[in-house]
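**Q** Straight out of TrEMBL:
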| type | residues | note |
| --- | --- | --- |
| TRANSMEM | 31-58 | transmembrane segment |
| DOMAIN | 36-318 | domain 'ABC transmembrane type-1' |
| TRANSMEM | 70-92 | transmembrane segment |
| TRANSMEM | 146-168 | transmembrane segment |
| TRANSMEM | 174-193 | transmembrane segment |
| TRANSMEM | 259-280 | transmembrane segment |
| TRANSMEM | 292-317 | transmembrane segment |
| DOMAIN | 352-589 | domain 'ABC transporter' |
Ligand SMILES: Nc1ncnc2c1ncn2[C@@H]1O[C@H](COP(=O)(O)OP(=O)(O)OP(=O)(O)O)[C@@H](O)[C@H]1O
């Protein structure tokens, strides 16, 4: 089944920084007192820093002019103490904000993960995994750093600037006004920076997501890449993407460097203008030396708040973008949800009925007919129904509807007469269990993987499920049932993974078992054994099985033939063979595919035997020679 081409959402319009960050308020609220504590301590540190010039001014105009040694010492110690106090408050600020910012990040991450679990498969069909990964890791980390450091410093530095400029104006209205006037270009430059930086910053974040997708896909598909010798091509593609990201990051850095440069130059120009005018005022007797020293040292203290505004501004834009990217996921519609007033089925019998069911994928062209176009089918309790049809006829899609992986677009699916949309998802999925051709296993023990959906997590359930799925090979793994099977069960063969996925569906002991070609990777012998064991389980379970092999069809009590989005005919295998030409054609093509597969298996077995024999020959020959 070819998956829909994943894409990332197109870049939204430029977000406004404050509203974007304000959306994070629900996450911040629990830690707001500590955050405010952080701002207050940072502000105290800044005010203490501003007091140092006040002490200097007093020292120059007072004790230094009068030559009072004792007072000079007191002044020196006071300045030292002020410096120490500033350091203590900077430390306290870190203490206040580090803990809550990590807590905020953890809560946001949990919320995002929970949302991803709730979002329908249709959402995951559309979104690249790397885009989700980069949001869960990169963007959330960015927001944590902004709240732990950027936001506090931003607020503090702004307040420090306001207080400092106030002091400058009070001490010398002329010099203060000159300082402010010569700093005005900063506002214009910052405004222009904000306009250009947003787009490039967002592009970098999206490109990071693309890169994560590329890594994820190549790691996931490493076998295919190696088998087809496509490693170099993949690398070339990856290098191109990495280069694109590097170029965007460089544009970002250039933009930041330009802002930083102006934020460094402009205060120095202001400083120089004030110095010249100040010296002239001292010469004219309009200002004391102490007042000029105090003024200039305050201006120096303000240097950092002004300079830092550049990267803090960039930081705020990055965090606002990260917030927008986070809410693109958090705001995504959850259209497969629990009903407002759920019904419950106490003892399900397992009668599964599709009533004039229609379904189309969201991205299907409008002029195309529905993929499932009025399918009607009734499966009686305990009955096994095979679903056959030509490739691409929509069999896999149809099997996703009873468990609500997708919702029907018209018609309904009922279980014991109850519309599946009237049950909670949790209840529905205890009644309907699924196993797919593409068997996904999780990085967990065999036991946890198999008992994942089981109501009763006992050894007896586990043993029976493994028995039915012919998966007792797991007992021979290094740590038996406790062996952790690698990411997606990669350390197991395709057939072994399928058997474990089947065991998982059997262990769930559902009323309805939906199997989408779950035996495709098994050799003929094992398949026959699994089918034999399945027959016993299926005797009491309603089953809908997508069949790609004639032998799977034989398992079924009846067969439903899918054609043009509808159930074309239903009957026993022999009934359909006798009356339905299309069925004869489908079965003939399944048999042909089966023969091809068996031929391939025989060739492979022959080849392996020949290799074994030559290895043996080489060994015995070697021993004889010795
Ligand atoms: N997630 C999806 N988004 C969009 N289109 C999809 C999606 N999954 C499948 N399709 C399309 O729906 C059609 C039917 O696919 P489906 O896998 O249901 O058929 P199938 O009968 O099971 O095929 P096969 O026998 O080859 O497994 C195909 O054209 C496929 O490209």
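Positions of Cβ are set from backbone N, Cα and C atoms, glycine also.
Help me picture these features in the structure, burial and contacts included.
**A** Long-range neighbours of the transmembrane segment (31-58) within the same chain, counting only residues 6 or more positions beyond its ends whose Cβ lies under 8 Å from a Cβ of the stretch, are 75, 78-79, 82-83, 85-86, 89-90, 92-93, 96-97, 99-101, 103-104, 147, 151-153, 155-157, 159-160, 163-164, 167, 290-291, 293-295, 297-298, 300-301, 305.
Non-local neighbours of the transmembrane segment (292-317) in the same chain are 17, 21, 46, 49-50, 52-54, 56-57, 60, 145-146, 150-151, 153-154, 157-158, 160-161, 164-165, 167-168, 171-172, 175, 179, 183, 186, 190, 193-194, 197-198, 201, 252, 255-256, 259-260, 263-264, 266-267, 270-271, 274-275, 278-279, 281-282; each lies 6+ residues outside the stretch with a CB under 8 Å from one of its CB atoms.
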**Q** Quick one: do the transmembrane segment (146-168) and the transmembrane segment (70-92) have at least 3 Cβ pairs under 8 Å, skipping pairs fewer than 6 apart in sequence?
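**A** These two segments do not touch.
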**Q** Same-chain Cβ contacts of the transmembrane segment (70-92) under 8 Å, 6 or more residues past its ends?
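**A** Contacts with the transmembrane segment (70-92): 41-42, 44-45, 48-49, 51-52, 55-56, 58-59, 62-64.
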